[in-house]
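Student: Please find one structure pasted underneath; my questions will follow.
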Amino acid sequence: MNKKYVYFFNEGNKEMKSLLGGKGANLAEMVKIGLPVPPGFTVTTEACNRYYEDQKQIHALIVEEIFQSLEELEKRTGKKFGNPQNPLLVSVRSGSVFSMPGMMDTILNLGLNDETVVGMALATGNERFAFDSYRRFIQMFGDVVLQIPKFKFEHILDREKEENRIVLDTELTAVHLKNIIQAYKQLVQKETRKGFPQEPKEQLLMAVNAVFDSWNNPRAVVYRDLHDIPGHLGTAVNIQSMVFGNMGDTSGTGVAFTRNPSTGEKKIFGEFLMNAQGEDVVAGIRTPQSIEQLKDYMPEVYDQFITLANLLENHYKDMQDIEFTIENGKLYLLQTRNGKRTATAAINAAVDMVDEGIIDKETALMRVEPMQLDQLLHPTFEEKALAEAEKIAQGLPASPGAATGRVYFSAQDVVAAVNEGEKAILVRLETSPEDIEGMVAAEGILTARGGMTSHAAVVARGMGKCCVAGCGEIRIDEGNRVFKVNNLVFKEGDYISLDGNAGAVFAGSIPTMEPELSGKFSILMNWADEIRSLKIRTNADTPRDASVAVKFGAEGIGLCRTEHMFFEENRIPAVRQMIVAKTKEERMAALNKLLPFQKEDFIGIFEAMGERPVTIRLLDPPLHEFLPHHEEDIKALALQLGMEYAKLQETVDELKEFNPMLGHRGCRLAITYPEIYEMQVRAIVMAALEVKKEKALEVKPEIMVPLIAHEKELAIIKKLIIDTAKNVMEQYRETIDYMIGTMIEVPRAALTADAIAEHAEFFSFGTNDLTQMTYAFSRDDAGKFIGEYRKKEIFEKDPFQRLDQTGVGRLMEIAIELGRKARSDIKLGICGEHGGDPESIEFCHRIGLEYVSCSPYRVPIARLAAARAAVINK
Ligand code: PEP
Ligand code: MG
């Protein structure tokens, strides 16, 4: 075997993470730059893989290499493994490429046995310390290697403390500790039918085995799945000579970050404990002190630590999370890694580091995860209150934010309650466009059904409103105005709270905090704008949403869904009149009533957007969505319209479809009722002409036709648009520029994009429908089974959230290629939900789209994601 499986720390460096694991590579790097690290060596990840290839046996040659290294370690430390006079003790720690909670972490004091403990007591002149170390070792080894439940050791420890009326571990004397050790050893004998292993080399190999085994324990496997860490990476094992923080009053141990991980403030942030060993700081038995207080105990050590911490940060050019131990006044570093941080800290630290000259702007952009920004764009719960809250159910995190309010089961009730000055949560089986006013008024929305692209989810994200969707655990009884979950009952008016980031539902009200966008946030965004080539537009249907999006940096509207305008109280009667009309004249009369409203809508949007481009989509949903479905509601509407109930019921029944998503919707509506689109085009062109005249705004509307599958559909509708626009312009004796384009959201359109491009000046990929139709997964029903698909690893991510690059993405590439062939300057964008997903945005950058369009609250995320895509693909 000529491959090397063991590396001394001084043989490696920080680039060797895949071989030495993160911890091993960083220990090696620290040794390389001359920092005080206790000597040791790393058994590589390749040894771990070899272990699995050899049916969970450490190969004899690897064992030999480990023992040779151990001999070398003895030479370097002047101590001997298993020697009672001067014993070498080591720590054994796992270390994979990515740090992974759930794997075996640490065994300290390995090498102690009944003899060496006595030697150690003599050598240090501190019997209590030696026996305390042995007691800890048996406990840790028993737990992680021998797999004896931890609580059994803790019982023994507690019993000894109780019997002797002792509160703190530090009050245990050597005699108490010897009793505990005796009882621990009996426990091991009982549980394993063997004595506690006394041979240090045997202890070591057992520990290495345990680390390798922990790579595949269930917790580690789940964690890897969650974070896309491949199983073939394996873990390394670090074996390092011990230093002791529990040697007395000039010893201690601690953990510190080079900057504050919550705020990013450039100031060492950390904790330590005097006279303690590593796990005491984390275990919470004693309350650690803040790192500044170390100055009072040992000013020189404190100064040295600060110097080394700064040195490490400058060396890694990133915030470090450092573990240290002080042994008899001497400082040692045991680990360093890039510190985990909040979004605020990530932004502040990245911007500061550019100012300090440590990193460049591109690196700063790569330091902030786009999705992390979400934390900063919505209200959040106060942390302390959240920790104490009672969680009652788990749904999908459909739209981020935190909301608290009283439960109401209909949109009208929400509106009424809000008018009374209450805060309300709309709870529905699922929402429909009729609920829009309630959704606007509510603090948050909870639905029992529906997935991440259900109506509730899409609309809530668009409004930046907190929403938990598809929460199947709750059972809603709308009639009695209650919902039940487990054995709890929530009545109308009861308080609940929603965490839209986690999809969690809580009982009662939890106080929230408003987001603060710091100055550094906008600095980072400006850097993103300098670098990105993708433009960022927004999906907005109202002037209010449009203004929010502009505030967040949107450069245009990529999708204005006109149907949302039809639901407002003062329009819906005319919309319904139009739908039930039996003749073209009746229909025209209703449409004429709608025209002024539509015109005002577009004027509002044009004014909010200035001269930024605005894509307006003509009517898309099936008409039945605008009609009521319950008998009482239909009766009420019949009365309102002056119609016979039976006639109206007939119309409602006629409009019912088996699969409305594949039914009479989109451009198909205009093929049968051209006058609907004609009215909308009229309104668009009139609005553009009027803002030109009155506000001197030159707008160039982009008129978009949905659901095109065949070029002839588009040819017919295009003619209608041109004729209508011409007619309006003649009437106004003025002209405007406008464009005609289509959504590409039906697979056939993608596959025949060359023919379609003959009639379209732009394409906008509607990847919600395109995903639905490519997979033949109903957007409204897929929520029921996608969870199972993810569990069975058919999908890594819900394809309605992250673009399926292989299938749906392939159709996009085909459409782009064909579209450009027919029209070289065709404008290309995306307006499906994927336009706000960072990984999908990267794909859009690569395939050469001009812009992505996303909900207003995703705009900053998209700006950053687009910048990172540019950096990555440079
Ligand atoms: C789409 O299908 O991707 C799209 C943007 O349109 P809608 O979600 O309104 O169907
Ligand atoms: Mg669509």
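Glycine residues also receive a Cβ, built from the backbone N, Cα and C atoms like all the rest.
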Student: Check TrEMBL for me: it has R561, E745, G766, T767, N768, D769 binding substrate, so pick out which one of R617, R682, R820, R823 it puts in that same site.
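Tutor: Record source TrEMBL; matching candidate: R617.
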Student: Under a three-state reduction of DSSP output, how is T767 (substrate binding site) classified: helix, strand, or coil?
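Tutor: Going by the DSSP assignment, T767 (substrate binding site) falls within a helical segment, counted as helix.
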Student: Quick check: do the domain 'PEP-utilising enzyme mobile' (422-503) and the domain 'Pyruvate phosphate dikinase AMP/ATP-binding' (307-353) share at least 3 Cβ pairs under 8 Å, counting only pairs 6+ apart in sequence?
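Tutor: As far as Cβ distances go (cut-off 8 Å, pairs 6 or more apart), the domain 'PEP-utilising enzyme mobile' (422-503) and the domain 'Pyruvate phosphate dikinase AMP/ATP-binding' (307-353) do not touch.
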Student: Starting from the Cβ of R561 (substrate binding site), draw a 10 Å sphere and report how many other Cβ atoms land inside it.
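Tutor: I count 21 other Cβ atoms within 10 Å of it.
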Student: Are there residues of the same chain, six or more positions away from C831 (active site, proton donor), whose CB falls under 8 angstroms from its CB, and which are they?
Tutor: R537, N539, G558, L559, T615, M743, S764, F765, G766, S853
Student: Among H455, R561, R617, E745, G766, C831, please name the recorded positions whose Cβ is nearer than 6 Å to ligand 2.
Tutor: E745, G766
Student: If you measure every Cα to Cα pair among R561, R617, E745, G766, T767, N768, D769, the residues listed for substrate, what is the largest value in Å?
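Tutor: Taking every pair among R561, R617, E745, G766, T767, N768, D769, the longest Cα gap is 15 Å.
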Student: Whole-number answer please: how many Å between the C-alpha atoms of E745 (substrate binding site) and H455 (active site, tele-phosphohistidine intermediate)?
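Tutor: E745 (substrate binding site) to H455 (active site, tele-phosphohistidine intermediate), Cα-Cα distance: 18 Å.
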Student: In angstrom units, rounded to an integer, how far apart are the Cα atoms of T767 (substrate binding site) and H455 (active site, tele-phosphohistidine intermediate)?
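Tutor: Per the Cα atoms, T767 (substrate binding site) and H455 (active site, tele-phosphohistidine intermediate) stand 15 Å apart.
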